[in-house]
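Only one structure is covered here, and it is reproduced in the block below.
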Amino acid sequence: MIKDKHLIDPMDFTVEELKEIFKLAHEIILDPEKFSHVCDGKILGTLFYEPSTRTRFSFEAAMMRLGGKILGFSEPNSSSASKGESLSDTIKMVSIYTDIIAMRHPKEGSAKVASLYSSVPIINAGDGGHQHPTQTLTDLLTIEMLKDGLSNHTIGICGDLKYGRTVHSLIKAMSRYKGNKFLLISPKELRIPDYIREEILRKNNIEFLEVETLEEVIDKVDILYMTRIQKERFFNEEEYLRLRDSYILNKEKMNLAKDDMIVMHPLPRVNEIACEVDYDKRAAYFKQAEYGMYARMALMAKLLGVL
């Protein structure tokens, strides 16, 4: 049973539980009106201690489309956190007023801390450079919908593999499905952390290759996952500016790729995908954002036990 569980890490749910969520997401996609009142009377608390547009809107739209309501804040200055209130006290109070909480926080591990003090399910909407499990649900649902399942894919991940929480979560999640291989494309300074390389990939005998140019591997890729170089994760602006334009996907590079490859991106993008790529049938990132709302609808319905 998924009811009343917290979602802190993409590995918190078993493969079978994920299958259950995706099955419901499929049903919602086919007939959203059928589910428009399942959360009548339910309230989602949205605690965003860090700026967000897409993730916050996606959660709010998801709850509203299920018939529920939203309480929360989109920046800490508009909450009691600006007065010095502790995270634990905020969570205790908000869980009195709401039925489920989605929280984004800049500090790694904050969602886990929140789960210790909450009387309602906590959904981690991003904790620093650590985890972003609902983006992972979005990514998995997109792959399942557009690539006929979650196994036997060659997945190219390009850009910021060091600080990108979506990247770490995606590798962990896709490593659970058989036959997946990873092509990890980044400058040396932004390679995946050692714990991902050693504890997830090597420990589980998963095939992977680290390269520095997109052109040398793009023809082998089934799923290309692009990421932006995240300015907010850098302490040194000079280093950020040097690496910002490392990888730009354009029409010329797309001409080297498979006809049935899909291009994904967690968004927002800066300049790492040229706008000309938007018109390519393989560009899946806006469809991915749409699937994110359906994934969150299914997730919240399951956690609340209404379906």
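Just so you know, glycine gets a Cβ as well, placed from its N, Cα and C.
Around the Cβ of Arg104 (carbamoyl phosphate binding site), the number of neighbouring Cβ atoms within 10 Å comes to 24. Arg104 (carbamoyl phosphate binding site) carries a strand DSSP state (E or B). Under the heading carbamoyl phosphate binding site, Swiss-Prot lists Arg54, Thr55, Arg104, His132, Gln135, Leu267, Pro268.
Under the heading L-aspartate binding site, Swiss-Prot lists Lys83, Arg165, Arg228.
Taking Arg228 (L-aspartate binding site) as the reference point, the binding-site residues whose C-alpha atoms are within 10 Å of its C-alpha, out of Arg54, Arg104, Gln135, Leu267, Pro268, are Leu267, Pro268.
Take Arg54, Thr55, Arg104, His132, Gln135, Leu267, Pro268, the residues named in the record as contacts for carbamoyl phosphate: the widest Cα to Cα gap among them comes to 16 Å. Within 8 Å of the centroid of the Cβ atoms of Arg54, Thr55, Arg104, His132, Gln135, Leu267, Pro268, where the record puts carbamoyl phosphate, the same chain has further Cβ atoms from Ser52, Thr53, Ser58, Ala125, Gly126, Thr166, Pro266.
Proximity note: of the listed binding-site residues (Arg54, Thr55, His132, Leu267, Pro268), His132 have a CA within 10 Å of the CA of Arg165 (L-aspartate binding site), given in sequence order.
All protein chains considered, the CB of Pro268 (carbamoyl phosphate binding site) has 9 other CB atoms within 10 Å.
Sequence-distant contacts of Arg54 (carbamoyl phosphate binding site), defined as residues of its own chain at least six apart whose C-beta falls under 8 angstroms from its C-beta, comprise Leu267, Pro268, Ala289, Gly292.
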